[in-house]
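*Asks:* Sequence annotations record features per position, and here TrEMBL assigns compositional bias 'Polar residues' to 1-11, 514-523. Taken from TrEMBL, the feature region 'Disordered' applies to 1-65, 495-523. Positions annotated as compositional bias 'Low complexity' by TrEMBL: 23-48. For 49-58, the entry in TrEMBL reads compositional bias 'Gly residues'. According to TrEMBL, the domain 'Kinesin motor' annotation covers 68-406. The annotation ATP binding site is assigned in TrEMBL to Gly153, Gln154, Thr155, Gly156, Thr157, Gly158, Lys159, Thr160. Per TrEMBL, the feature coiled coil maps to 433-486, 526-595. Among the features that TrEMBL reports, repeat 'ARM' is placed at 652-694, 693-736.
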Amino acid sequence: MSSFSYRNGITSKGVGVKFDNNSSKSSSSSFKSKVQSTGSGIRRSSTGSVGGGGGGGSTKDDSAVSGRVRVAVRLRPRNAEEMVADADFADCVELQPEVKRLKIRKNNWDSDTYEFDELLTEFASQKRVYEVVAKPVVESVLDGYNGTIMAYGQTGTGKTYTLGRLGEEDTAGRGIMVRALEDILAEISPETDAVSVSYFQLYMETIQDLLDPANDNISIMEDPRNGDVSLPGVNLVDIRDQNSFVELLRIGEAHRFAANTKLNTESSRSHAILMVHVKRSVKGKNSSLSSESTGKTLKAPIVRKSKLVIVDLAGSERVEKSGSEGHTFEEAKSINLSLSALGKCINALAENSAHVPVRDSKLTRLLRDSFGGTARTSLIITIGPSPRHRGETASTIMFGQRAMKVENMLKIKEEFDYKSLSRKLDVQLDKLIAEHERQQKAFQDEVERITLEAQKRVAEAERNYADALEKEKLKYQKDYADSIKKLEEQWAAKQEKHGHRKVKVGQADDGIDQKSNSELSTSGEVAEIKKTLQNETLLRKAAEAEVNNLRNQLIQWKKAEAARNAEISNLHKLVEDEAHQKATLEEEIAILRSQLLQISFEADQTRRNLDIGRNGELSGSLDSLIPQVKHQQPKDSGDGEKGSMVKLFEQVGLHKILSLLESEDADIRIHAVKVVANLAAEESNQEKIVEAGGLTSLLTLLRSSNDETIHRVAAGAIANLAMNEINQELIMSQGGISLLSLTAANAEDPQTLRMVAGAIANLCGNDKLQVKLRAEGGIRALLGMVRCRHPDVLAQVARGIANFAKCESRAISTQGTKAGKSLLIEDGTLPWIVQNANNEASPIRRHIELALCHLAQAEANAKDMINGGALWELVRISRDCSREDIRTLAYRTLKSSPSFQAELKRLRIDYG
């Protein structure tokens with residue numbers, strides 16, 4: 001059953017209908033094919049608007065792509081009042097979704113027919129509405145375009161239900177706002193991208209911040225260059241996760257004006273507008289800027305800034321029908337005036353009028369980019385079936401018809417991320433300064449060492465020279481003193497000898513002889529003294545020669561020092577050459593990294609296109625690898641997918657991709673594991689990945705990496721590989737369960753836990769691995785992940801328990817194994833199973849019901865199941881389960897179990 005609720009509390013239920021989503025997927029693919037062509041030059045381009053256009057801004061000048069406003073019609077079911085009052089009358093509208101036509105009856109025999117882009121009947125689910133109306137716009141916002149999603153219609157027809165429902169009671173009831181942010185947050189990278197939101201209302205021509213109600217008189221600012229509209233006074237909140245966004249919506253909804261009228265017990269009295277600002281880095285794409293000072297080329301990152309505007313218009317109403325009076329009457333007048341101004345602008349645009357009255361209302365000023373501007377716009381008009389409101393319904397339909405004639409010119413806004421480039425340059429400059437200082441210090445230390453060594457050698461040489469000179473001086477002085485003493489002794493001896501001779505000869509003769517002998521003795525002494533002086537001179541010359549020799553040695557040492565300085569200069573040149581080579585290698589690494597990012601981006605884009613649908617044309621950034629598949633039949637799309645993966649293998653090489661999983665760069669590892677995960681989603685690639693060692697690499701990443709994104713994507717890839725029985729045994733043999741259990745224990749992100757739980761659930765379906773899986777903590781890991789409380793995680797946990805219980809039951813029935821107590825019960829899963837046996841989420845409930853039926857097959861489990869309350873759930877399943885096969889299995893189990901029969905008999909419950 002599908003449930004459709006509105007703000008007035010009325011709920012209408014209808015029979016569940018399965019829809020084909022090909023139309024929405026093909027529209028998304030068609031839009032993508034129109035906006036794929038983008039140039040590379042950066043120049044100023046004008047930004048279009050409702051009012052015409054303004055100046056320019058620094059944007060990427062792509063050739064503008066025409067995009068008509070898409071209009072969808074949603075019909076709500078009759079409410080309780082209409083079922084009574086209009087019981088005898090047919091609906092005033094008839095929807096023909098197959099041909100996308102709508103008929104509105106004038107009377108019993110005449111009707112008008114209109115065509116729209118999409119028709120959504122009263123049985124259409126919220127998910128269907130999102131995929132048809134909003135998802136193409138969200139995808140274009142992620143690609144860099146502005147987007148608008150707007151709901152228009154009579155009060156009480158389900159506009160707020162369609163856009164702003166939070167879905168806290170039932171996740172299937174989530175509105176477009178919640179689902180759009182969920183998709184945006186899933187696609188962006190927290191490290192490089194940013195998402196921020198503002199939420200405000202237009203009440204009686206006054207703009208009020210719904211996140212700060214005291215801020216209730218916000219002015220609209222327009223950029224004189226390009227006409228862009230902004231609200232500088234509105235709070236802009238950064239969004240990191242889905243829960244914080246839902247909390248902001250809850251706060252804003254509580255502050256929105258509403259009133260009770262005859263048409264709607266909780267009628268919105270203001271236009272609510274949610275603005276989502278997305279800033280994304282363009283991966284693998286930089287702009288080269290020349291630097292005259294360094295002579296090098298700097299690469300400035302490019303960012304895309306886009307904006308998603310979701311508008312929940314207040315409902316149009318006729319005062320005589322709504323019963324508005326007093327202040328409520330004034331509110332109705334303001335609402336109708338602003339909606340009338342919007343209708344005039346759309347009429348002028350539809351008729352290509354020269355003047356568009358965009359300044360008649362603040363609402364039209366805020367939406368000037370949505371109609372006739374640069375945004376991709378989807379309009380959903382909501383109508384009711386009651387013939388009493390045929391006039392309002394016809395007016396709403398005509399509004400949608402005119403809106404379909406409005407053409408927008410879609411443009412991407414790209415800018416240089418100068419702040420990021422500045423941060424990178426600052427880091428690079430700091431590194432270069434530190435390296436220069438280190439080299440300069442090393443050079444100074446080397447020069448100082450050589451100088452000290454030279455000074456030491458010179459001082460030693462001077463000291464040696466002084467010592468040698470002093471020794472020579474002392475030696476010469478001693479020789480000189482000895483020579484004088486010797487001469488004096490000789491003189492004294494000669495004097496004495498001459499005295500004796502004078503006595504013998506006589507006094508006269510002695511005088512003559514003494515004179516002649518004295519002359520002879522004196523001339524001999526003079527000759528001897530001359531000889532001694534010559535020896536002294538020779539010794540002094542020898543000493544001077546030795547001093548000159550020492551001076552020559554000093555000169556040689558100085559020359560050696562100069563040679564060492566030259567060698568140091570050469571070393572500096574070598575260091576500079578090595579730095580240049582390092583810079584060259586870094587540029588090559590950057591090129592390889594950009595190639596890897598491009599491959600990852602292309603693989604992600606391909607997988608997203610394949611997930612969106614197989615009926616349209618595959619477009620995206622892998623156009624160079626995937627042949628054109630426009631207008632192919634669904635049976636041919638499978639061959640296109642396989643062909644794209646074969647192309648990826650041929651051009652890149654699986655071994656090269658797997659080698660990047662071991663890169664030291666975290667970004668490279670993240671993008672490489674994403675590529676492997678995309679490839680692992682194809683069954684034909686799984687065997688190649690395992691043979692090339694991809695499974696071992698993924699398990700190694702789980703063991704060694706602390707990055708949450710790597711854990712999530714690697715666990716998803718392992719989950720895909722674990723669908724094969726041979727791969728399951730390989731995962732178990734390499735300790736995969738222990739690694740998955742450890743990852744589950746440390747993870748907090750619901751998506752990571754969902755991937756890990758999915759991998760363990762696939763392993764639980766192998767009969768041969770049950771004992772080992774339980775011994776390595778697989779069951780306890782599943783049970784531990786229920787702390788997350790996320791429905792997707794709980795669904796995977798329930799599936800794993802159901803698979804495990806089914807294998808135990810099959811072992812009893814097919815192999816004749818003696819039925820002992822279930823390992824699931826021994827590990828304490830029974831209380832959680834009983835607690836969630838009647839869970840509101842159908843996937844969780846279906847798996848739990850199957851698990852209970854299989855556990856009940858073993859008589860050894862009966863006592864624990866009776867004590868734990870499982871018997872009552874089995875009785876409920878056998879009576880109320882929506883699936884006949886599960887209901888029959890529960891009935892047969894209760895009938896065949898003696899313990900269950902005895903307990904039912906004891907409780908006097910007739911179960912015949």
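Each Cβ is built from the backbone N, Cα and C atoms, and glycine gets one as well.
A TrEMBL annotation is a machine prediction, not a hand-curated record.
Quick caveat, the model's predicted, so the values are computed rather than measured.
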*Asks:* Of Gln154, Thr155, Thr157, Thr160, which of the binding-site residues has the most Cβ neighbours inside 10 Å?
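*Replies:* Of the binding-site residues Gln154, Thr155, Thr157, Thr160, the most buried by Cβ count within 10 Å is Thr157.
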*Asks:* In the repeat 'ARM' (693-736), how many residues does DSSP call helix, how many strand, and how many coil?
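*Replies:* Summed by class, the stretch gives 35 helix, 0 strand, 9 coil.
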*Asks:* Taking 10 A as the limit, how many CB atoms besides its own sit near the CB of Gly156 (ATP binding site)?
*Replies:* 28
*Asks:* Hey, what's the Cβ neighbour count for Gly158 (ATP binding site) at 10 Å?
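*Replies:* There are 26 of them.
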*Asks:* What number of additional C-beta atoms lies within 10 angstroms of the C-beta atom of Gly153 (ATP binding site)?
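*Replies:* Excluding its own Cβ, Gly153 (ATP binding site) sees 27 Cβ atoms within 10 Å.
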